[in-house]
């Protein structure tokens, strides 16, 4: 088939005014390029789609002739029937659209237009790609297509003996039949006979057909201005010339198609994947990949694998939580806090200046009991386990990802990806390719690229600093409002002991600060989302993968700081640098650094995590589930009076919601943020993996329900892996070891060296009370430092609380004593310092230096232990299994062999034909002589 030349372009004069999207004006439209052809309507070369009436078949996926399949649908609003008819603007849009459609037809596509049944202003343009067009662009896009059925035998698994147990979890193969596997190779038209073409209508499946047509739609031009070409369906949709562009679902999700030749894959996906009754079943990944493309398939494969791995973490987390819960009554130091003769007689120093009073230690009895659940040996074991679990998850996922690359033919995907249309449109500079030594066009010079990178990095840094500024504002709020609550709250709640027991000034400060922090987080997210897209568009990545990876890094870096900064402050900085009562540390020279709640900062961190994670989950569900459902419901209510009319498939899909190019990006981002909360702060709440497991089981089905029922079908896209999310998870894995074990050893901090393994071990050592408790048990409970005759934890609380003389208070830091209570001569505070009267009073005592020495020893042991385990796990689990490597090499060998054999057969056949013709020529030349 010979395609027509695409020369129907609208040009504009330099003096014409350009609107926001770069479109042309109307003043001298007919005197520009269009004037070469005459008036647009009378232009003989200007081709328009055929208009046909709806044939009354609601499930039809074909043109009215019943032969040509609909590969894509374009929707626009007829300007002549608009209620508010702005003549100039409407005429301009109509001309652009008709020029674009004419070029589509000239490029070989078939178009058929049909008016809407429910709204006669809407026109649906159905697009069909004939065989020649599909073959041409399949070769251009290096699409892999079947050569012959794959006859490689799959190895039996060790779990096959338990098939009777796992069968109930599998998808019913009688409903969703397994996909036939093929040897594949990039398509070439001159080797068409080598490919497994049994039926031209089914050789390119619907997803591949839609991908090819979208590739064409994204590159067809419709306008030129100053030698700058405007092209692409995305630009036309964003400027309102078209209202939508999408491929069709193959049927209604609630019932099969009436067309018996239609496989009704949407219905099968809803029944066996998205329906609540299938919540316990495995996902039909091959069908998901076939219907939605590899990019959607790899997301659900990753989410399903992550959920499976969470099962192990949830079991261990529940076991560690139960261990702490059932052993909380055996916690010696908690008993001392609650004992009326020990904790009841220990008077603690005021926690703020002027407005706070002295208090008894035993008021922290309830919080100390709760703290025993988490600050136990079981939670420490769980924190170490999660560090190893993260490594196992990442390593096993790489293996699973390699298997999917082989099964889904994405091993060499990088060779197939084409530049983005937006990138190609800006390629105006000519450079010499270092490899080919040929000229090629790039969008900017090296200097221009450096300028863009600098501007983009500066913008990202500015927004990160803005987040840090908001966190500082929250800290200032905490410091200032704590004084207010300390003064007003006891007076307000006077006489209500049950409320005072739980609503303390620290609790009120924590809850209000967490709520304000959450509101600020969500506001900054909404603003920065638009800013990140603008920055990435300005950066102009070459391919779609590069674009998404660049946007991913920007968004995650922002989200990481935005979501986790307040949690990191509570976990690692709050209550760390407070000095001692006679010489407290002031923040900004005005606010006294806040101390942790009497029961520790762990409960406050749990409150922060609960509000942020809970609020985030509610907000995401509103955005992802409730919002599209309500929009679709409103759309159905508007057309309720016309529901008796039979509507075609394309009109039903048009009234669904658009997921958008970044829809999957937000799904990944949501799960990665959850992955960070589960791994980074799991030591604060061992039940977090269990909650994440339940959430993800529901998340998989909710996402499936959205895609099959509420959203239009997305353009299928290829994807080799999960992209930039993989290194992000690896970074979280390293940080997870740091944060989980850090909170188990809250204590003193030393300058941190550069060696990352030493960093992990040091943070493990300097964050919990476990090492101080062990030092007391083995050294300070017995002589020469202790008075007990055997090793014990009795007296630990008294040994960890230093003594301060009340008369040594400075006027600024002196508390506000209760007039009903006798002012004590001394008070206690938590630190390892010498008592008043000592020759080095208020300096660190011998206990402190013993603890430091024990922590340094712990550093050396843990640094070697953790990295030995991680190295061993990484070494013993290769990224690609031996079986998968063998399959890849075997398929490559057989593919090359098959192509070579077919090539030899063609050469032999051609040589035979040539020899036969030469023989006939020789016979014809010799026959007269013989006669």
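Any Cβ shown, glycine's included, is placed from N, Cα and C.
Just so you know, TrEMBL annotations are computer predictions that nobody has curated.
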When TrEMBL marks a stretch as transmembrane segment, which of 605-625, 626-646, 647-667, 668-688 is it?
-> 668-688
Per TrEMBL, which of 802-823, 824-845, 846-867 is transmembrane segment?
-> 846-867
Look up transmembrane segment in TrEMBL and report which of 419-440, 507-528, 529-550 it refers to.
-> 507-528
Near the transmembrane segment (668-688), which residues from the same chain, at least 6 beyond its ends, have a CB less than 8 A from one of its CBs?
-> 299, 303, 306, 310, 313, 317-318, 320-321, 324, 374, 378-379, 382-383, 386, 390, 552, 555-556, 559-560, 563-564, 567, 571, 602, 605-606, 609, 613, 616, 620, 695-696, 699, 722, 725, 728-729, 732-733, 735-736, 739-741, 743-744
Reported mean pLDDT - the domain 'Anoctamin dimerisation' (62-285) | 84
